[in-house]
Amino acid sequence: YSEHEEEVVGKSGGDLDLLCDVEGSPPPSILWLKDGQLFDTSTIDHDTIENDRILKLRNLEVSDSGIYSCITSNSAGTAEFDFDINVQSPPSLTHSPITKRTVLVNRAVTLECPVEGTPHPDISWLINDRPLIGPSQYIRLTQAGRQLHLLRVLRGNNGTVSCIAKNSIGELRLDYDLEVMTPPVIIPTPVSRRIKVQEGDLVQLSCHVEGYPKPQVAWVAGSGSLLTEKELWAAGLEITEGGETLTLLEVNGEHEGRYTCIASNAAGSTEDSFIV
């Protein structure tokens, strides 16, 4: 009785030929086993040629990994040849996550990289194609890098967050479109909020805002409701610059009072007032 073992690496989707290189007189019979059991011909795509001396494995899958044994025997004795087959596969997604994500600035978000592969892929993360530096106070990685926890999302995180999974067989990239929303902020100006004018003057009230998505700006006169186009025209008012500037075209006594700009987007709202 003699025994021989050989390690063989295969690639998922590829083929392998295993040669049972034996001779003898009388010619030996050949039997192929996998993990000590007779072949399950229904689960392994294979064929044998040259009187079973060559076992041809087709369209390999990771589940085809194992010990393949060729048992040869004749009246003079028995020999066994073992092939330790390791079928490797490139990284692939176990499922398709929702890649469009929206989060408020300073809030937390978790992104996953649901990949598998043989050997196990190494995972890294990018934000707008720059390597993510972590873990840190606001960045945590769990599940061997497969989950990225941004504990405090910054405005600069807006854009593309990518996970890169690599092994010796291949590479996979999964991109998330991360939209970071910021509530409106009215930019301070040195202009007084109490404005003295004379009749006939033209007055501009400016309410410059920042935020994402771009805030919508509306105006209220006094304690009333939002000014409509009809009311603006009737009162001699005009809104320009995307709503950020309210112009009193020709001031008269009826224009005296409070004017409030209201800026809003999906992340929140804020307001500021002028006294004319």
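Including glycine, each Cβ sits where the backbone N, Cα and C put it.
Here is what TrEMBL says about this protein:
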type	residues	note
DOMAIN	1-86	domain 'Ig-like'
DOMAIN	91-179	domain 'Ig-like'
DOMAIN	184-276	domain 'Ig-like'
Tally of DSSP helical, extended and coil residues in the domain 'Ig-like' (91-179): 3 helix, 50 strand, 36 coil
Segment confidence, the domain 'Ig-like' (1-86), expressed as mean pLDDT: 85
Residue counts (helix, strand, coil, in that order) that DSSP gives for the domain 'Ig-like' (184-276): 13 helix, 43 strand, 37 coil
Summary of DSSP states over the domain 'Ig-like' (1-86), given as helix, strand and coil counts: 3 helix, 49 strand, 34 coil
